[in-house]
(Lines of atoms letter the chains of each structure in order from A and count residues from 1; the text may use other names and numbers.)
(Lines give C-alpha, C1' and ligand atoms only; values in the text may rest on other atoms or scores of the structure.)
Protein backbone atom coordinates (compact mmCIF):
# COMPACT_ATOMS: atom_id res chain seq x y z
CA UNK A 1 0.00 0.00 0.00
CA UNK A 2 2.83 2.39 0.91
CA UNK A 3 4.68 1.53 -2.31
CA UNK A 4 1.55 2.08 -4.38
CA UNK A 5 1.01 5.46 -2.69
CA UNK A 6 4.59 6.50 -3.45
CA UNK A 7 4.25 5.33 -7.04
CA UNK A 8 1.03 7.30 -7.50
CA UNK A 9 2.65 10.41 -6.00
CA UNK A 10 5.62 10.07 -8.34
CA UNK A 11 3.36 9.64 -11.36
CA UNK A 12 1.33 12.69 -10.38
CA UNK A 13 4.48 14.75 -9.90
CA UNK A 14 5.84 13.64 -13.28
CA UNK A 15 2.54 14.47 -14.96
CA UNK A 16 2.53 17.95 -13.41
CA UNK A 17 6.13 18.54 -14.47
CA UNK A 18 5.32 17.38 -18.00
CA UNK A 19 2.32 19.70 -18.22
CA UNK A 20 4.38 22.59 -16.83
CA UNK A 21 7.11 21.92 -19.39
CA UNK A 22 4.67 21.82 -22.29
CA UNK A 23 2.88 24.96 -21.14
CA UNK A 24 6.11 26.90 -20.61
CA UNK A 25 7.38 25.95 -24.06
CA UNK A 26 4.46 27.71 -25.81
CA UNK A 27 5.94 30.79 -27.44
CA UNK A 28 4.40 33.83 -29.07
CA UNK A 29 4.45 32.16 -32.47
CA UNK A 30 2.86 28.93 -31.28
CA UNK A 31 0.08 30.55 -29.19
CA UNK A 32 -2.51 30.17 -31.93
CA UNK A 33 -1.59 26.50 -32.33
CA UNK A 34 -2.06 26.07 -28.59
CA UNK A 35 -5.54 27.62 -28.74
CA UNK A 36 -6.37 25.26 -31.59
CA UNK A 37 -5.12 22.34 -29.52
CA UNK A 38 -7.30 23.39 -26.59
CA UNK A 39 -10.29 23.68 -28.90
CA UNK A 40 -9.59 20.25 -30.42
CA UNK A 41 -9.39 18.86 -26.88
CA UNK A 42 -12.87 20.22 -26.17
CA UNK A 43 -14.23 18.35 -29.20
CA UNK A 44 -12.59 15.12 -28.08
CA UNK A 45 -14.01 15.52 -24.57
CA UNK A 46 -17.45 16.24 -26.05
CA UNK A 47 -17.29 13.12 -28.21
CA UNK A 48 -16.17 10.90 -25.32
CA UNK A 49 -18.87 12.22 -23.00
CA UNK A 50 -21.46 11.78 -25.73
CA UNK A 51 -20.63 8.09 -25.74
CA UNK A 52 -20.22 7.35 -22.03
CA UNK A 53 -21.74 10.14 -19.88
CA UNK A 54 -25.46 9.44 -20.34
CA UNK A 55 -25.77 6.96 -17.41
CA UNK A 56 -23.98 9.45 -15.12
CA UNK A 57 -26.12 12.41 -16.13
CA UNK A 58 -29.29 10.40 -15.48
CA UNK A 59 -28.29 10.21 -11.80
CA UNK A 60 -27.61 13.95 -11.33
CA UNK A 61 -30.75 15.46 -9.71
CA UNK A 62 -30.63 18.96 -11.26
CA UNK A 63 -30.18 17.44 -14.74
CA UNK A 64 -32.58 14.49 -14.56
CA UNK A 65 -35.47 16.36 -12.90
CA UNK A 66 -38.03 17.31 -15.55
CA UNK A 67 -41.69 16.80 -16.20
CA UNK A 68 -41.31 14.43 -19.15
CA UNK A 69 -39.16 11.36 -19.57
CA UNK A 70 -36.14 11.78 -21.85
CA UNK A 71 -34.30 9.02 -23.66
CA UNK A 72 -30.60 8.28 -23.68
CA UNK A 73 -30.05 10.44 -26.77
CA UNK A 74 -31.24 13.53 -24.85
CA UNK A 75 -28.57 13.00 -22.18
CA UNK A 76 -25.90 12.49 -24.84
CA UNK A 77 -26.86 15.80 -26.44
CA UNK A 78 -26.93 17.49 -23.04
CA UNK A 79 -23.36 16.36 -22.26
CA UNK A 80 -22.06 17.78 -25.55
CA UNK A 81 -23.89 21.08 -25.05
CA UNK A 82 -22.51 21.54 -21.53
CA UNK A 83 -18.89 21.03 -22.66
CA UNK A 84 -19.53 23.35 -25.60
CA UNK A 85 -21.03 25.99 -23.30
CA UNK A 86 -17.92 25.93 -21.10
CA UNK A 87 -15.69 26.24 -24.16
CA UNK A 88 -17.86 29.06 -25.52
CA UNK A 89 -17.66 31.02 -22.25
CA UNK A 90 -13.89 30.53 -22.05
CA UNK A 91 -13.21 32.03 -25.47
CA UNK A 92 -15.90 34.70 -25.09
CA UNK A 93 -14.33 35.92 -21.84
CA UNK A 94 -10.92 36.05 -23.55
CA UNK A 95 -12.46 37.95 -26.45
CA UNK A 96 -13.96 40.58 -24.14
CA UNK A 97 -10.66 40.92 -22.27
CA UNK A 98 -8.75 41.47 -25.53
CA UNK A 99 -10.94 44.27 -26.89
CA UNK A 100 -8.79 47.26 -27.87
CA UNK A 101 -5.37 45.60 -27.85
CA UNK A 102 -3.43 47.49 -30.53
CA UNK A 103 0.24 46.88 -29.78
CA UNK A 104 2.49 44.47 -27.92
CA UNK A 105 3.14 47.03 -25.20
CA UNK A 106 -0.36 46.39 -23.86
CA UNK A 107 -0.18 44.04 -20.81
CA UNK A 108 -3.01 41.99 -22.28
CA UNK A 109 -0.72 40.98 -25.13
CA UNK A 110 1.25 38.88 -22.65
CA UNK A 111 -1.99 37.38 -21.36
CA UNK A 112 -2.99 36.38 -24.90
CA UNK A 113 0.32 34.63 -25.55
CA UNK A 114 1.19 33.42 -22.05
CA UNK A 115 -0.27 32.24 -18.75
CA UNK A 116 -1.15 28.87 -20.21
CA UNK A 117 -1.23 26.93 -16.97
CA UNK A 118 -3.75 29.37 -15.57
CA UNK A 119 -5.81 29.30 -18.78
CA UNK A 120 -5.92 25.51 -18.92
CA UNK A 121 -7.05 25.37 -15.29
CA UNK A 122 -9.74 28.01 -15.93
CA UNK A 123 -10.93 26.10 -18.99
CA UNK A 124 -11.24 22.87 -16.99
CA UNK A 125 -13.10 24.62 -14.16
CA UNK A 126 -15.52 26.26 -16.60
CA UNK A 127 -16.31 22.97 -18.32
CA UNK A 128 -16.83 21.20 -14.98
CA UNK A 129 -18.98 24.07 -13.65
CA UNK A 130 -21.31 23.76 -16.66
CA UNK A 131 -22.50 20.40 -15.32
CA UNK A 132 -23.92 22.24 -12.29
CA UNK A 133 -26.00 24.83 -14.18
CA UNK A 134 -29.78 24.33 -14.64
CA UNK A 135 -31.25 22.73 -17.74
CA UNK A 136 -32.90 26.01 -18.75
CA UNK A 137 -29.52 27.66 -19.33
CA UNK A 138 -28.33 24.75 -21.47
CA UNK A 139 -31.58 24.82 -23.43
CA UNK A 140 -31.14 28.54 -24.10
CA UNK A 141 -27.55 27.95 -25.23
CA UNK A 142 -28.79 25.21 -27.55
CA UNK A 143 -31.16 27.70 -29.19
CA UNK A 144 -28.61 30.46 -29.72
CA UNK A 145 -26.03 27.92 -30.92
CA UNK A 146 -28.03 27.40 -34.10
CA UNK A 147 -27.74 31.10 -34.89
CA UNK A 148 -24.09 31.23 -33.82
CA UNK A 149 -23.33 28.29 -36.11
CA UNK A 150 -24.87 30.22 -38.99
CA UNK A 151 -22.55 33.15 -38.30
CA UNK A 152 -19.58 30.79 -38.21
CA UNK A 153 -20.50 29.33 -41.60
CA UNK A 154 -20.87 32.87 -42.94
CA UNK A 155 -17.36 33.69 -41.71
CA UNK A 156 -16.07 30.59 -43.51
CA UNK A 157 -17.62 31.81 -46.75
CA UNK A 158 -16.17 35.33 -46.37
CA UNK A 159 -12.72 33.85 -45.69
CA UNK A 160 -12.95 31.70 -48.80
CA UNK A 161 -13.94 34.67 -50.96
CA UNK A 162 -11.11 36.73 -49.50
CA UNK A 163 -8.68 33.89 -50.22
CA UNK A 164 -9.67 33.24 -53.85
CA UNK A 165 -9.74 36.93 -54.79
CA UNK A 166 -6.33 37.43 -53.17
CA UNK A 167 -4.99 34.35 -54.97
CA UNK A 168 -6.23 35.65 -58.32
CA UNK A 169 -4.86 39.17 -57.76
CA UNK A 170 -1.44 37.81 -56.82
CA UNK A 171 -1.07 35.68 -59.95
CA UNK A 172 -2.42 38.38 -62.26
CA UNK A 173 -0.11 40.90 -60.59
CA UNK A 174 2.95 38.98 -61.81
CA UNK A 175 1.88 39.93 -65.38
CA UNK A 176 3.81 37.03 -66.91
CA UNK A 177 2.74 34.40 -69.42
CA UNK A 178 3.58 31.51 -67.08
CA UNK A 179 1.21 32.73 -64.38
CA UNK A 180 -1.60 33.36 -66.86
CA UNK A 181 -1.20 29.79 -68.13
CA UNK A 182 -1.14 28.49 -64.55
CA UNK A 183 -4.31 30.46 -63.80
CA UNK A 184 -6.04 28.93 -66.82
CA UNK A 185 -4.88 25.37 -65.98
CA UNK A 186 -6.05 25.58 -62.36
CA UNK A 187 -9.40 27.00 -63.46
CA UNK A 188 -9.81 24.23 -66.04
CA UNK A 189 -9.02 21.54 -63.47
CA UNK A 190 -11.54 23.04 -61.03
CA UNK A 191 -14.28 23.09 -63.66
CA UNK A 192 -13.52 19.52 -64.76
CA UNK A 193 -13.67 18.38 -61.13
CA UNK A 194 -16.94 20.29 -60.67
CA UNK A 195 -18.73 18.70 -63.63
CA UNK A 196 -17.37 15.18 -62.98
CA UNK A 197 -18.40 15.46 -59.34
CA UNK A 198 -21.85 16.70 -60.36
CA UNK A 199 -22.28 13.61 -62.53
CA UNK A 200 -21.34 11.43 -59.57
CA UNK A 201 -23.93 13.24 -57.44
CA UNK A 202 -26.65 12.31 -59.93
CA UNK A 203 -25.41 8.70 -59.86
CA UNK A 204 -25.19 8.42 -56.07
CA UNK A 205 -28.15 10.44 -54.87
CA UNK A 206 -30.81 9.99 -57.59
CA UNK A 207 -31.04 6.20 -57.89
CA UNK A 208 -33.41 4.82 -60.50
CA UNK A 209 -36.82 3.70 -59.31
CA UNK A 210 -36.95 6.25 -56.48
CA UNK A 211 -38.69 9.61 -56.23
CA UNK A 212 -35.68 11.83 -55.50
CA UNK A 213 -37.00 15.19 -56.63
CA UNK A 214 -35.42 17.03 -53.67
CA UNK A 215 -31.93 15.71 -54.42
CA UNK A 216 -32.36 16.51 -58.11
CA UNK A 217 -33.41 20.05 -57.18
CA UNK A 218 -30.29 20.50 -55.02
CA UNK A 219 -27.92 19.28 -57.74
CA UNK A 220 -29.58 21.24 -60.56
CA UNK A 221 -29.59 24.44 -58.48
CA UNK A 222 -25.87 23.99 -57.83
CA UNK A 223 -25.16 23.55 -61.55
CA UNK A 224 -27.22 26.66 -62.32
CA UNK A 225 -25.07 28.60 -59.85
CA UNK A 226 -21.91 27.25 -61.52
CA UNK A 227 -23.01 28.50 -64.95
CA UNK A 228 -24.19 31.77 -63.40
CA UNK A 229 -20.74 32.37 -61.88
CA UNK A 230 -19.07 31.88 -65.27
CA UNK A 231 -21.50 34.15 -67.14
CA UNK A 232 -21.26 37.00 -64.62
CA UNK A 233 -17.47 36.73 -64.19
CA UNK A 234 -16.82 36.86 -67.96
CA UNK A 235 -19.28 39.68 -68.67
CA UNK A 236 -17.48 42.71 -70.16
CA UNK A 237 -18.95 45.06 -67.55
CA UNK A 238 -17.67 42.98 -64.64
CA UNK A 239 -14.01 42.97 -63.71
CA UNK A 240 -14.16 39.30 -62.81
CA UNK A 241 -11.80 36.41 -63.39
CA UNK A 242 -12.21 32.75 -64.20
CA UNK A 243 -10.10 31.47 -61.27
CA UNK A 244 -12.35 32.67 -58.41
CA UNK A 245 -15.42 31.51 -60.36
CA UNK A 246 -13.97 28.01 -60.80
CA UNK A 247 -12.90 27.66 -57.16
CA UNK A 248 -16.26 28.89 -55.82
CA UNK A 249 -18.03 26.53 -58.25
CA UNK A 250 -16.05 23.57 -56.93
CA UNK A 251 -16.70 24.63 -53.33
CA UNK A 252 -20.47 24.93 -53.90
CA UNK A 253 -20.46 21.47 -55.50
CA UNK A 254 -18.62 20.12 -52.47
CA UNK A 255 -21.21 21.71 -50.17
CA UNK A 256 -23.95 20.06 -52.22
CA UNK A 257 -22.23 16.69 -51.84
CA UNK A 258 -21.73 17.29 -48.11
CA UNK A 259 -25.44 18.09 -47.75
CA UNK A 260 -26.58 15.00 -49.64
CA UNK A 261 -24.12 12.78 -47.78
CA UNK A 262 -25.61 14.08 -44.50
CA UNK A 263 -29.01 12.62 -45.34
CA UNK A 264 -30.17 9.89 -42.94
CA UNK A 265 -28.73 6.47 -43.70
CA UNK A 266 -32.20 4.95 -44.12
CA UNK A 267 -33.30 7.52 -46.72
CA UNK A 268 -33.95 5.68 -50.00
CA UNK A 269 -32.29 8.40 -52.13
CA UNK A 270 -29.02 8.29 -50.19
CA UNK A 271 -27.49 5.68 -52.47
CA UNK A 272 -23.99 6.33 -51.20
CA UNK A 273 -24.64 5.17 -47.63
CA UNK A 274 -27.88 3.20 -47.70
CA UNK A 275 -26.06 -0.10 -47.24
CA UNK A 276 -23.79 1.15 -44.40
CA UNK A 277 -26.12 1.26 -41.41
CA UNK A 278 -23.55 -0.22 -39.05
CA UNK A 279 -21.17 2.40 -37.72
CA UNK A 280 -17.62 1.39 -36.83
CA UNK A 281 -15.33 3.15 -34.39
CA UNK A 282 -13.00 3.99 -37.27
CA UNK A 283 -15.82 5.72 -39.16
CA UNK A 284 -16.75 7.78 -36.12
CA UNK A 285 -13.11 8.69 -35.50
CA UNK A 286 -12.60 9.78 -39.10
CA UNK A 287 -15.78 11.87 -39.05
CA UNK A 288 -14.73 13.62 -35.83
CA UNK A 289 -11.20 14.20 -37.13
CA UNK A 290 -12.54 15.76 -40.34
CA UNK A 291 -14.78 18.02 -38.25
CA UNK A 292 -11.90 19.08 -35.98
CA UNK A 293 -9.62 19.89 -38.92
CA UNK A 294 -12.32 21.87 -40.70
CA UNK A 295 -13.22 23.98 -37.69
CA UNK A 296 -9.63 24.52 -36.55
CA UNK A 297 -8.53 25.54 -40.06
CA UNK A 298 -11.30 28.14 -40.21
CA UNK A 299 -10.22 29.61 -36.88
CA UNK A 300 -6.55 29.74 -37.87
CA UNK A 301 -7.37 31.20 -41.27
CA UNK A 302 -9.52 33.84 -39.59
CA UNK A 303 -6.69 34.65 -37.23
CA UNK A 304 -4.37 35.20 -40.19
CA UNK A 305 -6.78 37.12 -42.42
CA UNK A 306 -5.52 40.55 -43.37
CA UNK A 307 -8.92 41.75 -44.52
CA UNK A 308 -11.13 40.74 -41.61
CA UNK A 309 -8.98 40.94 -38.55
CA UNK A 310 -5.95 43.19 -38.94
CA UNK A 311 -6.31 46.44 -36.98
CA UNK A 312 -5.55 49.73 -38.77
CA UNK A 313 -2.20 50.01 -36.98
CA UNK A 314 -1.13 46.49 -37.98
CA UNK A 315 1.94 46.08 -40.21
CA UNK A 316 -0.20 43.88 -42.46
CA UNK A 317 -2.57 46.75 -43.15
CA UNK A 318 0.20 49.10 -44.26
CA UNK A 319 0.82 51.26 -41.21
CA UNK A 320 3.68 53.68 -41.55
CA UNK A 321 6.80 54.00 -39.40
CA UNK A 322 6.97 56.40 -36.44
CA UNK A 323 8.00 59.94 -37.37
CA UNK A 324 10.37 60.55 -34.45
CA UNK A 325 13.15 58.09 -33.54
CA UNK A 326 13.50 56.80 -29.98
CA UNK A 327 16.55 57.08 -27.74
CA UNK A 328 19.36 54.82 -28.83
CA UNK A 329 19.66 53.16 -25.41
CA UNK A 330 16.18 51.65 -25.34
CA UNK A 331 15.45 51.91 -29.05
CA UNK A 332 15.44 48.20 -29.82
CA UNK A 333 13.51 47.24 -26.69
CA UNK A 334 10.90 49.95 -27.18
CA UNK A 335 10.45 49.03 -30.81
CA UNK A 336 9.83 45.42 -29.84
CA UNK A 337 7.27 46.39 -27.22
CA UNK A 338 5.49 48.99 -29.32
CA UNK A 339 5.05 46.76 -32.38
CA UNK A 340 1.40 46.73 -33.44
CA UNK A 341 -0.37 43.39 -33.19
CA UNK A 342 -0.67 41.51 -36.47
CA UNK A 343 -4.32 40.49 -35.98
CA UNK A 344 -7.29 41.24 -33.77
CA UNK A 345 -7.04 39.07 -30.66
CA UNK A 346 -10.65 39.77 -29.74
CA UNK A 347 -12.06 38.64 -33.09
CA UNK A 348 -9.73 35.63 -33.08
CA UNK A 349 -11.35 34.38 -29.86
CA UNK A 350 -14.83 35.19 -31.18
CA UNK A 351 -14.16 32.79 -34.05
CA UNK A 352 -13.47 30.03 -31.52
CA UNK A 353 -16.64 30.93 -29.62
CA UNK A 354 -18.72 30.56 -32.78
CA UNK A 355 -16.82 27.40 -33.69
CA UNK A 356 -17.75 25.95 -30.28
CA UNK A 357 -21.43 26.40 -31.14
CA UNK A 358 -20.93 24.97 -34.61
CA UNK A 359 -19.09 21.87 -33.39
CA UNK A 360 -21.80 21.24 -30.78
CA UNK A 361 -24.42 21.29 -33.53
CA UNK A 362 -22.38 18.85 -35.61
CA UNK A 363 -21.93 16.38 -32.76
CA UNK A 364 -25.61 16.50 -31.81
CA UNK A 365 -27.10 16.44 -35.32
CA UNK A 366 -28.19 20.08 -34.80
CA UNK A 367 -29.96 18.93 -31.61
CA UNK A 368 -32.59 17.03 -33.56
CA UNK A 369 -33.81 13.50 -32.93
CA UNK A 370 -32.55 11.58 -35.94
CA UNK A 371 -32.67 8.01 -34.70
CA UNK A 372 -29.70 5.88 -35.68
CA UNK A 373 -28.16 8.83 -37.53
CA UNK A 374 -27.60 10.47 -34.17
CA UNK A 375 -24.72 8.06 -33.65
CA UNK A 376 -22.87 9.72 -36.52
CA UNK A 377 -21.20 13.09 -36.85
CA UNK A 378 -23.12 15.74 -38.81
CA UNK A 379 -25.92 13.50 -40.13
CA UNK A 380 -29.61 14.39 -40.30
CA UNK A 381 -32.02 16.65 -42.17
CA UNK A 382 -31.00 19.81 -40.30
CA UNK A 383 -27.42 19.24 -41.48
CA UNK A 384 -28.66 18.81 -45.05
CA UNK A 385 -30.49 22.12 -45.10
CA UNK A 386 -27.72 24.00 -43.31
CA UNK A 387 -25.21 22.83 -45.95
CA UNK A 388 -27.47 23.79 -48.84
CA UNK A 389 -28.31 27.21 -47.39
CA UNK A 390 -24.57 27.76 -46.90
CA UNK A 391 -24.01 26.86 -50.56
CA UNK A 392 -26.64 29.36 -51.69
CA UNK A 393 -25.20 32.02 -49.36
CA UNK A 394 -21.76 31.40 -50.88
CA UNK A 395 -23.21 31.87 -54.35
CA UNK A 396 -24.99 35.07 -53.33
CA UNK A 397 -21.92 36.58 -51.66
CA UNK A 398 -19.70 35.76 -54.64
CA UNK A 399 -22.13 37.36 -57.11
CA UNK A 400 -22.38 40.37 -54.80
CA UNK A 401 -18.56 40.68 -54.69
CA UNK A 402 -18.63 40.99 -58.50
CA UNK A 403 -21.63 43.31 -58.86
CA UNK A 404 -21.09 45.60 -55.85
CA UNK A 405 -18.27 47.68 -57.47
CA UNK A 406 -20.57 48.31 -60.46
CA UNK A 407 -23.69 49.12 -58.44
CA UNK A 408 -21.81 51.37 -56.01
CA UNK A 409 -18.80 52.80 -57.91
CA UNK A 410 -18.21 55.55 -55.37
CA UNK A 411 -17.54 53.05 -52.57
CA UNK A 412 -14.36 51.06 -52.08
CA UNK A 413 -14.69 47.23 -51.94
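Each residue's number is its place along the chain shown, starting with 1.
Glycine too: its Cβ is placed from the backbone N, Cα and C atoms.
Keep in mind the model is a prediction, meaning the values are calculated, not measured.
Per TrEMBL, the feature signal peptide maps to 1-18. According to TrEMBL, the feature transmembrane segment maps to 31-49, 79-101, 116-135, 147-167, 179-202, 214-235, 241-260, 281-300, 343-363, 384-408.
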Among the recorded stretches 241-260, 343-363, 384-408, which has the greatest number of Cβ pairs closer than 8 Å to the transmembrane segment (31-49)?
343-363
Remote residues contacting the transmembrane segment (214-235) - C-beta distance under 8 A, at least 6 residues beyond either end:
194, 198, 201-202, 205-206, 241-242, 244-245, 248-249, 252-253, 255-256, 259-260, 269, 388, 391-392, 395, 398-399, 402-403
Considering only the recorded stretches 147-167, 241-260, 384-408, state which has the highest number of Cβ pairs under 8 Å to the transmembrane segment (179-202).
241-260
If you count every Cβ pair below 8 Å, which range out of 79-101, 147-167, 241-260, 343-363 shares the most with the transmembrane segment (116-135)?
79-101
Counting CB pairs under 8 Å, which listed stretch among 79-101, 147-167, 241-260 touches the transmembrane segment (343-363) the most?
79-101
